[in-house]
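Everything on this sheet refers to the single structure shown next.
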C-alpha cells in the first residue's frame, strides 16, 4: 500500500496541537522529527519533551486530497497562510529495517568513527564510539556535531582533561575519552542529559573516567585543558565569563552551535581572552576555536 506524507516545521509548543489536528482530519500516524540534530531526552512523568525546532510529519492514505489537508491546516490557524511544507509519495516498506539501514558508521577527522550498535565497525583499529541514534542522541550528521568531532580528532588529547559544556548525550565527552583524554567532565542543565551521558559512557567502557554535573552543581574551581561547547550562540555569549574560566591558561577552546552569521558576535565575547583561529564553516554553521592567553 502506498502513502502520502506532509512535513512541516513547528515550534515545540505547537507541534502537539498540529499533531492532534492532523489525526482529526485523517492522518494514520503523526511523528515528530528533530530538524537540527539536537539531543532530546526521555520525558519526566507527565511531561512531553520536544525539540525547540520540530518537524511534524503526517502520514495519510495515498488517495487523500492533500490540497484539502493544507487548506484545513491554514483554516485551523495553527500555521501561517504561506507556511512551508513538503508533500511526497511514500512506498510501503519495512520501516524499522529502512530506519536502521539509513544509519551508517560515520567518520570524523582521521581517526574517529561513530557507529550504531547494529553495524560492524569499518576499522577495528580506529577510534570507535558506539552510539545508537534515537531520543537521547544527536546522530552526528548535523554540521555542528561534525565540526566539534573533527576538531577533537585533530587535537592531541593524551593525558588531558576535557570539559563538554552542554554535554547532551555525552557524544563529545565520550569521543574525547576514546581519543586519549585522561578524564572528561560533562556539564548540562538537564538531569536527563546527565543520565543519558552516563548510560552512553557505560556502553563505551569509559564511565569510570567521566564526571557529570548539573550546571547548578558545577564545582567553583573547575578547569580543564580542553573545553568544547556545542550549544547556541545566545548562551555562548551569555555564559562566556563562566566558559572562559573553565579553560586553563594555554588551554584549547572549541565552540559551535553557531550560525555563520553569528560568528562575529561570538568571537567578540571570547577574543579578549583567547588567540582565536580562523572560523571554520560547514554549510550555514561554523566552529570557533582558540588558545587561551
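From the backbone N, Cα and C atoms, a Cβ is placed for every residue, glycine too.
Per Swiss-Prot, the feature S-adenosyl-L-methionine binding site maps to 145, 166, 188, 230. In the three-state DSSP reading, residue 145 (S-adenosyl-L-methionine binding site) counts as helix.
Among the binding-site residues 145, 188, 230, the residue whose Cβ has the fewest other Cβ atoms within 10 Å is 188. Around the Cβ of residue 166 (S-adenosyl-L-methionine binding site), 23 further Cβ atoms fall within 10 Å across all displayed protein chains. Under the three-state DSSP scheme, residue 166 (S-adenosyl-L-methionine binding site) falls in the coil class.
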